[in-house]
Amino acid sequence: MESWPWMAVVVLLGLTVRWTVSLSSYSGAGKPPMFGDYEAQRHWQEITLNLPVKQWYFNSSDNNLLYWGLDYPPLTAYHSLLCAYVAKFINPDWVALHTSRGYESQAHKLFMRATVLAADLLIYVPAVLLYCYSLKEISPKRKIASALCILLYPGLILIDYGHFQYNSVSLGFALWGVLGVSWDWDLLGSLAFCLALNYKQMELYHSLPFFCFLLGKCFKKGLKGKGLALFIRIACTVLASFLLCWLPFLTEREHALQVVRRLFPVDRGLFEDKVANIWCSVNVFLKIKDTLPRHIQIAISFCFTLLSLLPACIKLTVRPSCKGFRFTLVSCALSFFLFSFQVHEKSILLVSLPVCLVLTEIPFMSTWFLLVSTFSMLPLLLKDELLLPSVVTVMAFVIACGTFFPMLENTSEEQLQLKSFAVSVRRHLPGFTFLPRIMQCLFLSSVITMVLLTILSVTLDPPQKLPDLFPVLICFVSCVNFVFFLVYFNIVIMWDSKNGRNRKKIE
């Protein structure tokens with residue numbers, strides 16, 4: 001318990017950084033007619049407050065779906081409604097139907113930022129603290145350090161408090177789910193993850209590891225006895241939670257189908273804007289987004305996604321463990337980001353959360369990944385005029401991680417979790433003893449490339465014939481890094497012989 005005062009200091013530091021970033025610009029500030037995600041969140045408050053539930057997801061004269069139509073699950077809509085009631089109490093003009101479109105003021109900005117902070121404090125921050133405090137076999141100092149580094153992760157701060165979204169809500173629920181199933185509170189863990197999934201459909205990135213881990217637990221208990229009972233209880237919990245969230249939309253079949261259509265808009269294409277995944281990178285050379293029929297794009301992305309995540313999921317099902325679960329969360333989320341259909345640049349945050357959870361186990365690789373994930377969103381951050389907050393938060397994160405987890409000192413085969421893999425390789429190549437040096441060189445090359453591209457993007461104008469040169473280069477470089485990380489995490493998973501024997505609650 002003596003570490004809790006220091007945990008309080010960590011929280012205050014994290015909140016200070018968050019609120020400082022919130023003083024900066026936001027998505028679409030002063031840019032009519034569509035503005036940006038800030039206006040989207042405000043508009044959803046306007047719609048949910050002034051229209052009946054049955055009209056929230058339907059196009060009408062009062063709800064133009066082409067103007068930031070609601071396209072997130074019901075729990076997001078309920079959250080918007082809750083915020084709308086508070087907004088109406090403070091100033092009804094903020095959420096007045098039609099007349100509030102594009103509303104901007106310092107008071108309203110303060111309110112919107114405060115709603116993000118409140119959600120963070122209620123859901124995400126407590127989950128992070130509990131997770132770090134519950135880590136086993138590490139010192140209290142290391143627990144505090146891990147909490148500090150996670151709370152200072154710049155990607156989430158810049159998107160939620162700069163660009164403006166509520167990612168901490170879905171990620172927080174997902175983290176509560178991780179805690180629940182890791183402690184064998186499987187029903188509570190399942191409920192928490194269902195809340196995450198009903199807040200943002202992109203939490204599907206984490207769904208297969210949850211399913212495989214819980215299914216593996218049921219298999220271990222025996223599907224003819226306790227395992228079957230556990231499976232039924234979990235299934236009932238999932239069905240009940242979805243039923244409660246979707247109840248207002250299940251009165252009519254067409255209503256439910258319309259919500260599903262809004263959640264999965266296949267007409268938007270293979271990817272949006274510049275995103276650091278395989279399809280956007282390949283599209284630079286082969287215009288697959290424009291030449292291939294939409295159903296072929298969906299089929300190809302589905303097949304590649306499934307093939308890339310299948311090995312890790314199979315192993316987790318056969319040999320369920322807390323450690324395997326965390327690493328499979330990383331691998332599967334990264335597979336979805338790289339290969340799935342309709343990916344946004346901000347979806348990398350879904351990979352960053354589980355990477356934060358393995359920070360104490362592989363600090364070198366985790367820190368490296370988290371830096372690349374933030375860099376991959378640089379075009380969006382520059383568009384929102386968030387260069388200064390980006391530089392400052394990244395530097396703060398690097399200093400924190402470098403102080404408590406000296407990165408270049410944590411690159412031995414054991415610390416990289418690659419000992420088993422290296423031993424296997426040395427059976428065929430006895431001279432393969434330079435893996436740590438390779439990783440250090442790759443890290444330095446990656447960091448230098450990111451720094452150079454950042455400087456070039458800020459200081460130089462692109463050629464007139466290539467206006468998107470720097471965003472494309474940033475996405476391509478980030479994608480190459482992510483493919484490398486996908487290979488790395490799968491090697492760790494497949495060569496880890498401890499997964500099947502490890503039964504500790506939180507390692």
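Every residue gets a Cβ built from N, Cα and C, even glycine.
Feature list (source: Swiss-Prot):
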TRANSMEM  3-23  transmembrane segment
TOPO_DOM  24-114  topological domain 'Lumenal'
CARBOHYD  ASN59  N-linked glycosylation site
TRANSMEM  115-135  transmembrane segment
TOPO_DOM  136-143  topological domain 'Cytoplasmic'
TRANSMEM  144-164  transmembrane segment
TOPO_DOM  165-172  topological domain 'Lumenal'
TRANSMEM  173-193  transmembrane segment
TOPO_DOM  194-229  topological domain 'Cytoplasmic'
TRANSMEM  230-250  transmembrane segment
TOPO_DOM  251-297  topological domain 'Lumenal'
TRANSMEM  298-318  transmembrane segment
TOPO_DOM  319-332  topological domain 'Cytoplasmic'
TRANSMEM  333-353  transmembrane segment
TOPO_DOM  354-361  topological domain 'Lumenal'
TRANSMEM  362-382  transmembrane segment
TRANSMEM  386-406  transmembrane segment
TOPO_DOM  407-437  topological domain 'Lumenal'
TRANSMEM  438-458  transmembrane segment
TOPO_DOM  459-468  topological domain 'Cytoplasmic'
TRANSMEM  469-489  transmembrane segment
TOPO_DOM  490-507  topological domain 'Lumenal'
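Within the same chain, the transmembrane segment (115-135) packs against the transmembrane segment (173-193): three or more Cβ pairs sit under 8 Å, each pair at least 6 residues apart. A contact between the transmembrane segment (144-164) and the transmembrane segment (386-406) is present, since 3 or more of their C-beta pairs, 6 or more residues apart, lie under 8 Å. For the topological domain 'Lumenal' (24-114), DSSP puts the residue distribution at 47 helix, 0 strand, 44 coil. Ranked by Cβ pairs under 8 Å to the transmembrane segment (173-193), the stretches 230-250, 298-318, 333-353, 362-382 are led by 230-250. When Cβ distances are compared across the two stretches, the transmembrane segment (469-489) makes no contact with the transmembrane segment (230-250), since fewer than 3 pairs at least 6 residues apart fall below 8 angstroms. Residues 274 of the same chain, all 6+ positions outside the topological domain 'Cytoplasmic' (459-468), place their C-beta atoms under 8 angstroms from a C-beta of that stretch.
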